[in-house]
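Everything on this sheet refers to the single structure shown next.
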């Protein structure tokens with residue numbers, strides 16, 4: 001089986017991609033391998049619990065949020081091909097190499113509310129080309145279609161790296177020697193599914209199309225959908241999307257009525273865009289219920305969006321309900 005270091009040069013050459021772009025991916029992987037070691041030790045390393053700080057979104061940070069964020073920043077700044085960074089945990093962008101060609105955006109530890117109870121978490125990342133001119137916030141505000149690469153690392157029973165350069169999706173598993181080994185090529189998400197993932201406790205706050213959709217799923221084979229559905233909810237986007245990649249399903253984090261000014265909870269740049277690129281490469285769909293996720297023009301680094309992604313039949317049906 002191919003290791004990442006053997007696979008990557010050949011993949012880059014086959015698809016006429018720059019070696020430096022592969023080097024940025026390897027820097028991300030190096031950082032994630034270090035984060036994995038911290039996650040694995042947990043309480044033994046004294047990294048669990050709250051950090052006593054908050055991020056720009058007003059969320060309390062876990063110790064591992066801060067540790068993972070610092071590891072990502074330090075590792076990526078050491079790569080001269082990286083011009084700038086943007087993190088869910090930072091107020092604004094971070095300057096890196098003066099002559100760098102690439103921008104890296106990331107959620108250093110997705111699902112960190114699960115850390116203290118030993119449930120799967122992960123790191124999500126996106127790589128963009130730096131536009132000409134001085135680095136500014138606007139440099140990062142590119143649509144998801146402009147991503148050069150996207151991926152995530154799942155820290156679960158196995159530690160797995162999943163990424164795409166826009167030429168298929170590849171999955172690698174970390175072995176005992178701390179090497180990522182290719183374990184699956186080009187997974188395809190089934191068009192139809194019988195699984196959905198949503199936080200049902202928020203049902204009373206959802207907009208009518210989402211309430212209708214969930215009611216139809218819960219009605220099962222005697223309802224309009226004509227089949228029984230199972231619900232899943234891990235509260236870790238990386239874990240949810242990984243399951244969908246492996247066996248299908250639809251993941252939803254809709255807008256709700258509590259704060260009309262907030263179109264959703266998840267971040268377009270750090271979570272929705274990279275996951276959408278991966279899923280589209282695997283034959284799935286992703287939208288905010290009104291347009292394809294990858295076509296949304298970002299307005300700010302920390303922009304939030306409603307998220308519907310997974311098996312294409314379900315995402316298309318949700319889009320139709322919202323269009324009524």
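Please read every residue number as a count from 1 along the shown chain.
A Cβ is built for glycine as well, from the same backbone N, Cα and C atoms used for every other residue.
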Annotated companion of 107, 109 at the Mg(2+) 1 site, Swiss-Prot, chosen from 88, 89, 90, 129: 88
Identity of the Mg(2+) 2-site residue among 271, 280, 299 (reference: 107, 110, source: Swiss-Prot): 271
Further substrate ligand in Swiss-Prot, beside 110, 111, 112, 113, 199, within candidate set 262, 265: 265
Same chain, 6+ residues apart, C-beta under 8 Å of the C-beta of residue 107 (Mg(2+) 1 binding site), given in sequence order: 87, 88, 123, 124, 125, 267, 270, 271
Residue 265 (substrate binding site) and residue 110 (Mg(2+) 2 binding site), Cα-Cα, nearest whole angstrom: 13
Cα-to-Cα gap, residue 109 (Mg(2+) 1 binding site) vs residue 265 (substrate binding site), nearest whole Å: 16
Substrate site span - longest C-alpha distance across 110, 111, 112, 113, 199, 265, in Å: 16
Assigned conformation of residue 113 (substrate binding site) - DSSP reduced to three states: helix
Cβ contacts of residue 111 (substrate binding site) (under 8 Å, same chain, 6 or more positions away): 119, 120, 121, 122, 234, 235, 236, 237, 238, 239
